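Here is what TrEMBL records for this protein:
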BINDING   Arg191, Gly192, Gly193, Lys194, Thr309, Asn333, Ser521, Arg582  CoA binding site
BINDING   Gly385, Glu386, Pro387, Asp409, Thr410, Trp411, Trp412, Gln413, Thr414, Asp498, Arg513, Arg524  ATP binding site
BINDING   Val535, Val540  Mg(2+) binding site
DOMAIN    24-81  domain 'Acetyl-coenzyme A synthetase N-terminal'
DOMAIN    83-463  domain 'AMP-dependent synthetase/ligase'
DOMAIN    529-607  domain 'AMP-binding enzyme C-terminal'
MOD_RES   Lys607  N6-acetyllysine
Amino acid sequence: MSDPVVIPVPPEWAARAYVDDVKYKAMHASALADPEAFWGVQGQRLDWIKPYTKVKDTSFNEADFHIRWYEDGALNVSANCIDRHLETRGDSVAIIWEGDDPNNSSQITYRELHAEVCRFANVLKKRGVGKGDRVTIYMPMIPEAAYAMLACTRIGAIHSVVFGGFSPESLANRIKDCDSKTVITADEGVRGGKIIPLKANVDAALEHASGVTSVIVVTRTGAGVSMQDGRDVVYEDEAATVSAECAPEPMSAEDPLFILYTSGSTGKPKGVLHTTGGYLVYAAMTHQYIFDYKDGEIFWCTADVGWVTGHTYIVYGPLANGATTLMFEGVPNYPTVSRFWEVIDKHKVNTFYTAPTAIRALMRDGEEPVKRTSRASLRLIGTVGEPINPEAWLWYYRTVGDSRCPVVDTWWQTETGASLIGNLPGATAMKPGSATRPFFGIKPALVDDKGEFLDGAASGNLVLLDSWPGQMRTVYGDHKRFFETYFRTYPGMYFTGDGCRRDEDGYYWITGRVDDVLNVSGHRIGTAEIESALVADTKVAEAAVVGYPHDIKGQGIYCYVTLKAGVTPSDDLKRELIQTVRREIGPTASPDIIQWAPGLPKTRSGKIMRRILRKIAENDVSNLGDTSTLADPSVVDDLVANRAGA
Ligand code: WT7
């Protein structure tokens, strides 16, 4: 392997940043040496209704397993994201909204945000929602999505945002899992010029989730949608009847803030639960340091609020810091492939944060669509969601950032709340493709499959040895699953599910998931979920799903499908199965390749040998390893011979 490129920190970046390398090392060391003191100071960045006296109380050991931060403090998230800014920046813009149509944008000041969120909170109250109730939010990327989230936090309700690209079936499962009685949606969504029938999807979902008694429908397009009497209300009608003042509910630091469902290697998606105090401290702090956020800057994270990236870096981190956050309804290639860069120029964006898959897709169109825009306002660009290949990193740095903006690569997970490994722009020499070094107080380590520590330059499984304030606290309704999923494999440690290499400089290079979780276009999807969607089709006997390298998506979805006896394989049937998966889960889980498999490679005890299936999907068939333990080794020959694309 050739030596990786190293891009040192120019003195001017170090000078303008909060933290240079000397300060990074000092702060990191002090956080590790005395977490209580370090995080005690960091907690002061928020306004507390009741100050905390305890800071950290955590143990990853089974005997006394618990994670609590700032536990005796009380605060309100919406007050921290809105009210406390009113005096100093009430008339500053909190949210810039850029519509799907480039002629459609708006600005919401902090004062306006306050009124909107209070009104939304009062509508929720009027509909009977109270502290601790779960509210499902299934919305397009419009300001009301943020209002709805913040309104929940204002009254102490727990939101569960479900990405608008998920199917009615997935939505129903998420509603049922957390037993939410209230759903907030819009009549329709608009993305890339296409209409998404959100309310109709909710109606379909509620046929399988009968516990919902209240649906609040925000008007986006004004299309007539069916409304069920007594259950459904038009948001604007309700909002007109309530006050624009609503006192924030004091919440304990460890009260639940939100649930966000994410896929694991087994079973149905887990409801990752984050709590109030620690999450907001950590979201605000990472937003400040990693993006080197300075007062008055305009921050754009291109994620959807349906993912954790949108929660932390569109809504909670930026607003807690009084920033101007940009919310974009559209897609990178509509109406043209210059859209991102045009939006940056239009709104004078200073920080731009996106995913490698978007960068790779835009790279295909060459430099011209980028270079025809100025991007003079840009100061820093960031990436998240999957390992970024050095080619894409360098294109991003040179073409988008004109080699003058630091690229921050941020490694994190839904479970971690905010970024844990990533370069600080004034402190860390960049190596394209490496997430680089841990954030203050984060203790990553590498272990082998037996859990033995690997020192120095090494490759292994990425674990975290101690807690941080933004860590998830439980799997909603299944605390046992929380422990079993993350703390059972390597006792006393949090297991990330990622493989990782550490180089001689102590830099971390995430190599991807080591479990049966795929990362498709930066979206996490469990192979087990796709398999169960496939076998839901009556023609399918069995299915096994693996990932394979995909130029744009990072990983593509490769499905081996065994049909029931008597069913004739055909291209029509492949299309039907793809539709089945889209219907059961959503378009993000759409199979890229289906291969008919007369049999699957199984051990004598019936376990599918995915290692072999992965190698066939990757077209790495010269060395399939030991197949002698298979019940029927000949199935492998058939799969190799009929490999899709072979
Ligand atoms: C998984 C978490 C964090 C918000 C978006 C995804 C992968 C995430 C990086 C990165 C390499 C990354 C990991 C992780 N991942 N960021 N910068 N470099 N890999 O959240 O859906 O919970 O997925 O995404 O594999 O475990 P998520």
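Glycine is treated like the rest: Cβ placed from N, Cα and C.
For the recorded site, Gly193 (CoA binding site), the DSSP three-state label reads coil. In terms of C-alpha distance, the listed recorded positions Arg191, Lys194, Val535, Val540, Lys607 place Arg191 closest to Pro387 (ATP binding site). A Cα-Cα distance of 29 Å separates Lys607 (N6-acetyllysine) from Thr414 (ATP binding site). In sequence order, Leu534, Val561, Thr562, Leu563, Lys564, Leu577 are the residues near Val540 (Mg(2+) binding site), counting only same-chain partners six or more apart with C-beta under 8 A.
Of all the Cβ atoms in the protein chains shown, 20 others lie within 10 Å of the Cβ of Ser521 (CoA binding site).
For Gly193 (CoA binding site) paired with Gly385 (ATP binding site), the C-alpha to C-alpha distance reads 25 Å. On the 0 to 100 pLDDT scale, the model's mean across the domain 'Acetyl-coenzyme A synthetase N-terminal' (24-81) is 98. Taken in sequence order, the binding-site residues Lys194, Thr309, Ser521 that lie near ligand 1, meaning a CB under 6 Å from one of its atoms, are Thr309. If you compare Cα positions, Lys194 (CoA binding site) sits closest to Gly385 out of the binding-site residues Gly385, Thr410, Trp412, Thr414, Val535. Non-local neighbourhood of Thr410 (ATP binding site): Ile290, Gly382, Thr383, Val384, Ser419, Ile421, Gly422, Ala435, each in the same chain, at least six residues away, with C-beta under 8 Å from its C-beta.
Counted over all residue pairs in Gly385, Glu386, Pro387, Asp409, Thr410, Trp411, Trp412, Gln413, Thr414, Asp498, Arg513, Arg524, the record's binders of ATP, the longest Cα to Cα distance measures 18 angstrom.
Within the same chain, residues at least 6 positions away in sequence whose Cβ sits under 8 Å from that of Arg582 (CoA binding site) are Ser167, Ala589, Ser590. Listed in sequence order, the binding-site residues near Thr309 (CoA binding site) (C-alpha within 10 Å of its C-alpha) are Trp412, Thr414, out of Trp412, Thr414, Arg513, Val535. Long-range Cβ neighbours of Asn333 (CoA binding site) (same chain, at least 6 residues apart, Cβ-Cβ under 8 Å): Gly192, Arg339, Ala361, Leu362. Put simply, of the binding-site residues Arg191, Ser521, Val535, the one whose Cα is nearest the Cα of Thr414 (ATP binding site) is Ser521.
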